[in-house]
Amino acid sequence: MKMIQVLGTSSDSGKSTLATAFCRILKDLGYRVSPFKAVNMSLNSIAIKDGSEIARAQWVQAMAAGAEPSAYMNPVLLKPEGHHKSQVIILGRSIGSMGINDYYNYINKNAKIIKESIDFLSNKYDVIISEGAGSPAEINLAGRDFANIYVSSLYNTPAILVADIDRGGVFASIYGTINLMQRSDLLKYYIINKMRGDQSLLYPGIERIEELTGKKCLGIVPYIDLKLPGEDSLDYNFSGSGSIGIVRYPYMENYSDFDPLIFNEKAFYIKNKEDLKRCDVIILPGSKDVFHDLEYINSNGIADSIKRCSGEKMIIGICGGYQMLGKRINDASGVESDGVSIPGLGLLDIETYYNKTKTTGSVKYRFAENQLKINGSGTGYEIHYGSIVKNNEMPLLITDHGPEGSVSSNGMVIGTNVHGILENNEFYRYITGEYLDYDNIIENSIETLAGIVKKSINIEGFLELLNDA
């Protein structure tokens, strides 16, 4: 089995991006490649063809590798819910919410899931590019970190350390990580990522790191402005200047729904009711805690301001945001609340009911005949507990399972449970007036990324790691 582990000095150092680049580089060289991340904590997930839920980062990496996305590529997905709990998803299926201690007890007993996933992928692919999580030097998590050195140690996998120079202190972070991490003998190279300016300024530091640690620099990768989905909320701290406002509530999830708008600088975050004056279109995104987020926008005046905008501005709700637009949200089973029933914004004549069975899966659809007069079809995915049981509006879509979504009588309020709807060229054009080829943007970004990384690293040294794997 050949596997290379991509570790980082910190979160957001560029592990996901470089793992994506490595997947495409090896694919172009003729290898059958699979991405892998043992444990990912992210609210940016996607439901793949078989209904499994995985992190969107591994989905992008699979695209770069030319591989069919699989739950084995991300066997453990943690989706923070607040209140010190996360929804735990094992091999694509939710097993419920857990606090940190319950999760560690579970994963300690079931760590074999990680090894079994690697073994499954190794039987199908030539090379696995395994991405770590956070940093391998979190000494407070020694013995409980199953995303980094645990994976490397299973098969003595060679590792590359990614360090972000853009945030400063790059040599201190490299030196400190190497000296604090377990099994530093498996670390073969490090990469300095996100470099701006003259690279020669780094050479004395690179020489000194080699003297102190014996570790060589595999390359210096420049800062690259890419149009690729981010892994978590850290990747979505943008301030746009467009006319489409996205309501930013505390438990917002599936940020990647808005990549098409962000890529073209069409969107900004609505953080208070005054921001609503700037936009022509208001979008309520998905939420990991619909009840809390609805209370949040009620308490700060955003909800009342949205109601006053009804009929003047287009209002779109996706998943949890769609539920908020309805008349009522009922959770007698206590899935996301204490078993309460609360009023929504009342802009759509629908009611949502929660049950303990989670709906996940890819969706094929065509646009329904309604006031919007949008033609075309597409694919998306659903990830939700709440079901729209009462819907007295015209549907937005027609899926294999029947009508889906809602469109108000005046066509100004739209709701859907289908994520990825903004990636549809016709829907994007309807709300922006412009054309978008989302798939082509992603593919071109992956190609650009792989080309720059290949030129920036010692490619021979990288390929030699396959002999050590």
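From the backbone N, Cα and C atoms, a Cβ is placed for every residue, glycine too.
According to Swiss-Prot, the features are:
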ACT_SITE  CYS319  active site, nucleophile
ACT_SITE  HIS419  active site
DOMAIN    241-427  domain 'GATase cobBQ-type'
Distant-in-sequence Cβ neighbours of HIS419 (active site), under 8 Å, six or more positions away: ILE46, ALA47, ASN254, ASP257, GLY286, ILE318, CYS319, GLY380, TYR381, GLU382, ILE383
Secondary structure of the residue listed as 'active site' (DSSP, helix/strand/coil): strand
DSSP-derived class (H/G/I helix, E/B strand, else coil) of CYS319 (active site, nucleophile): coil
